[in-house]
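Engineer: Encoded as structure tokens, here's the structure I'll be asking about.
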Amino acid sequence: QLQDFCVADRTSQGMFFVNGFACKDPKTAVAEDFFFSGLHMAGNTSNKQGSAVTAVNVAQIAGLNTLGISLVRVDYAPNGQNPPHIHPRATEILTVLEGSLYVGFVTSNPENKLFAKILNKGDVFVFPQGLIHFQFNLGTNKAVAIAALSSKNPGVITVANAVLGSKPSISDDILAKAFQVDKEHSRQYPSSILD
């Protein structure tokens, strides 16, 4: 790097951007540009997936701009999950703070090999960049994990939402062939899956 930091100037209308955001004048940077409060609070898991992700990325901490890192807290209700998803711009390393999680990722074609493990408090697992991965709470109590990601803005693509809920919709012919089902069955999934 050529400078100590590049605090994101989210109000800039300028033409020069460094990886998405213009840099604030470093002389105007303050401690709050590098601060976030809230990871001590549990997320609301009263939803269909039974999980809540609290993200701490460049949108929450302007000082993360150009630093290549971010963080999330994930809360899981009993039997809650962080459904199969991809981070197109980041590798993830996750540690369990409370409870037990069944986690895994699937390698790319043609092997599509599943690497999965049951994690307990203090255990750590890595999800390589761009690979489908998931976490599921096996326990009868809540679970909590913290994950670090190798991007200030890792992005997320939830597989079911992307394939079954794209706008406009992917053609039924394409889905039928991809899932090896009749065309009339290609859209027979609960609409609640996309909520």
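Heads up, the Cβ atoms here are built off N, Cα and C, so glycines get one too.
Automatic, uncurated: that is what TrEMBL annotation is.
According to TrEMBL, the protein carries these features:
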DISULFID  C6-C23  disulfide bond
DOMAIN    37-187  domain 'Cupin type-1'
BINDING   N82, H87, E92  oxalate binding site
BINDING   H85, H87, E92, H133  Mn(2+) binding site
Engineer: For H133 (Mn(2+) binding site), which DSSP three-state class applies?
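Structural biologist: Its secondary structure by DSSP: strand.
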Engineer: Taking only the binding-site residues N82, H85, E92, which one has a CA atom nearest to the CA atom of C6 (disulfide bond)?
Structural biologist: E92
Engineer: Taking the center of the Cβ atoms of H85, H87, E92, H133 at the recorded Mn(2+) site, which other residues in this chain have a Cβ no more than 8 Å from that point?
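Structural biologist: What remains near the Cβ centre is I86, A90, F105, F127, L131, I132, P154, V156.
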Engineer: Relative to the mean position of the Cβ atoms of N82, H87, E92, the recorded oxalate site, which additional same-chain residues have Cβ within 8 Å?
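Structural biologist: Sorted by sequence, the hits are V72, H85, I86, A90, L94, F127, H133, A147, L149, P154, V156.
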Engineer: Under a criterion of Cβ-Cβ distance under 8 Å and sequence separation of at least 6, what residues of the same chain contact H85 (Mn(2+) binding site)?
Structural biologist: I132, H133, F134, V156, I157, T158, V159
Engineer: Mean pLDDT, the domain 'Cupin type-1' (37-187)?
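Structural biologist: That stretch averages a pLDDT of 95.
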Engineer: Hey, does DSSP put H85 (Mn(2+) binding site) in a helix, a strand, or just coil?
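Structural biologist: Reduced to three states, the DSSP call for H85 (Mn(2+) binding site) is strand.
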Engineer: Rounded to the nearest angstrom, how far is the Cα of C23 (disulfide bond) from the Cα of E92 (oxalate binding site)?
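Structural biologist: Between the alpha carbons of E92 (oxalate binding site) and C23 (disulfide bond) there are 26 Å.
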Engineer: Hey, how far is N82 (oxalate binding site) from C23 (disulfide bond), Cα to Cα, in Å?
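Structural biologist: For N82 (oxalate binding site) versus C23 (disulfide bond), the Cα atoms are 33 Å apart.
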Engineer: Can you tell me whether DSSP puts E92 (oxalate binding site) in helix, strand or coil?
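Structural biologist: Reduced to three states, the DSSP call for E92 (oxalate binding site) is strand.
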Engineer: Using DSSP with the three-state reduction, classify C23 (disulfide bond) as helix, strand or coil.
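Structural biologist: DSSP assigns C23 (disulfide bond) to strand.
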